[in-house]
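What follows is a single structure, written as structure tokens, with notes after it.
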Amino acid sequence: MRFSSIAVGIASVLGHLATASPAKELAERSSEAANSYLVKEGLFSYESILKALGNTGSNAPGTAAGLLIASPNTENPDYFFSWTRDTALTFKGLVDIFVEGNKFLGVNFDTLENHIQDYISSQAVLQNVSNPSGRLSDGSGLGEPKFEVNFNPYSGGWGRPQRDGPALRAIAMLTYMRHLIQQGKQSVASNLIWPVVANDLAYVAQYWNHTGFDLWEEIDGSSFFTTAVQHRAMVEGSAVAQALGKAHGAYDSVAPQILCFLQSYWNGSVIVSNINVDNGRSGIDLNSVLTSIHTFDPAAGCDDSTFQPCSSRALANHKVYVDAFRSIYGINAGLGPGKAANVGRYPEDVYQGGNPWYLATLAAAEQLYDALYQWQKQGYLTVTQTSLAFFRDFSSTVKPGTYKSNDPTYKSLTEDIRTYADNFVFLVEQYTPSNGSLAEQYDRNSGVPLSANDLTWSFAAFLSALQRRLSIMPGSWGSSSANTVPTTCSTTTITGTYSAVAPPFPTSTAHCVTAVTVPVTFWLIENTYWGENVYMTGNVSALGNWNTSAGYSLNAGLYTSSENIWFATVKGLAPGITIEYKFYKTEPDNSVTWEGGSNRVYTVPTGCPVAPQVNAVWQS
């Protein structure tokens with residue numbers, strides 16, 4: 001069965017570890033306790049991610065192999081979709097576990113590699129799905145943020161395009177490709193995976209200087225996180241291309257210019273996470289901390305230009321970011337500077353009440369674990385005027401300078417910072433239910449879990465923090481050879497070429513989880529004019545039961561003067577049922593115009609995950 005199992009031996013290893021229970025007051029605890037809790041919750045997180053995987057995951061019925069649901073939640077909020085970003089970040093973490101290992105998780109590595117290959121195949125399919133952001137032919141469709149779980153496009157309104165997805169997807173696959181190359185499997189990397197990655201790299205090279213929506217899907221502008229991961233994708237893509245004998249000139253031309261633009265987000269004291277937008281916000285944002293951990297290079301030093309975790313800029317930003325939440329959350333009462341605090345997306349946040357996020361508090365810990373590793377590796381730490389306020393939280397007398405690892409100041413600072421990092425983890429433990437489930441948020445006053453339950457990104461964040469706390473580091477992406485900022489910035493972009501790629505790896509549906517409902521995408525060709533809208537209704541509740549006031553709206557996101565396309569993905573249709581339906585138009589005066597002919601008839605497919613499509617032309 002293609003499903004990872006936890007080895008019996010792991011259970012016995014963990015059996016003697018102290019049971020973690022929420023404390024009424026946050027207290028400093030030992031490193032051993034941090035490891036104990038991280039490992040136990042890590043086991044649960046790993047299994048929870050597997051449950052969110054298409055084809056085999058018990059929380060993802062009807063989801064195609066290789067796709068990953070954001071959450072089992074289907075209402076308030078509905079996260080039962082596959083986001084390019086969330087999926088890429090999660091699979092990057094899974095690839096890291098596959099490559100670097102983790103003896104505590106009982107990983108079946110053959111099964112994990114099957115999941116990774118399913119992911120690559122699924123993304124090859126998604127790349128070729130036309131959607132409201134565009135098509136593959138000019139690359140524009142690669143910026144679509146989320147899809148239905150059966151490969152169909154999401155037809156509703158959304159913050160699109162989002163330009164971090166292609167870069168993150170490329171990074172996840174490039175990490176796996178580097179492993180294959182090291183194992184002497186260049187042909188697999190070159191022939192099967194490179195064509196998929198090449199589309200995403202071409203997108204970055206062509207569209208990096210275009211604005212788009214940020215990772216919170218709220219602001220249309222320039223995002224620090226997006227720019228940083230685009231730079232990494234170009235650098236890492238060039239290195240892998242060279243190893244495979246592929247063309248890499250476009251990546252080499254664009255990468256320095258993206259790095260040059262990246263410096264624009266630094267205002268001298270903090271990272272302004274969103275620019276080229278007037279939204280009235282401070283710019284203090286989890287966006288910036290996530291950037292440091294997802295562009296972390298263990299082979300790099302404390303480089304400011306790439307905002308490495310131990311860099312003066314990233315540390316100064318970490319302090320400003322954490323401090324911004326100390327007074328606005330009730331559960332942070334008494335947690336002053338130098339004490340770990342619960343953190344969220346940004347201080348002005350109001351989504352679902354604007355609460356702490358599990359992945360945010362974990363990211364705050366992870367950046368510090370990364371920094372500790374970098375200091376240990378280079379054998380010293382440097383305090384600058386930029387980072388002085390950060391270090392002063394741990395020593396009121398520390399002065400700017402370089403402290404070697406045998407210096408008492410170095411030892412004192414790193415010990416205190418490790419405790420500080422661990423206490424972020426203990427905050428997560430304190431507000432995690434006894435069953436280990438990690439939602440999206442937890443209440444700012446009571447700590448009760450809120451919003452989407454079992455958020456896959458939360459579990460991925462936990463695994464990433466676990467790896468770093470155990471000093472299990474990812475491979476280098478080559479930042480040390482690509483951290484020189486050009487004297488003059490340029491907006492160099494390279495128009496790409498894009499090709500549809502057949503799924504490179506076979507997938508098995510022998511043990512798939514049968515869908516409870518099947519989303520069906522209906523495509524309609526009909527010429528309409530501005531102000532005229534198209535709907536469908538039918539004999540089932542999902543289509544409004546023939547009530548034109550409750551009909552299902554079609555989307556005109558792909559409509560052009562030459563291709564009069566309307567489409568909609570209808571959810572809630574039971575497998576095997578036969579439905580009757582018709583299309584109709586509403587006019588600007590609210591009158592209804594029905595299409596001609598008899599009722600249309602369609603039988604919803606049954607069985608394992610499918611991606612049913614219905615093509616239609618308006619009946620006159």
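Cβ atoms here come from the backbone N, Cα and C positions, even for glycine.
The shown structure was predicted, so the numbers you read here are calculated from the model rather than taken from an experiment.
Going by TrEMBL, these are the annotated features:
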- TRP158: substrate binding site (BINDING)
- ASP214: active site, proton acceptor (ACT_SITE)
- GLU217: active site, proton donor (ACT_SITE)
- 512-620: domain 'CBM20' (DOMAIN)
Cβ packing number for the residue listed as 'active site, proton acceptor', 10 Å threshold: 24
Residues satisfying Cβ distance under 8 Å from the residue listed as 'substrate binding site', sequence separation of at least 6: PRO132, PRO145, LYS146, GLU217
DSSP residue counts for the domain 'CBM20' (512-620), split into helix, strand and coil: 6 helix, 47 strand, 56 coil
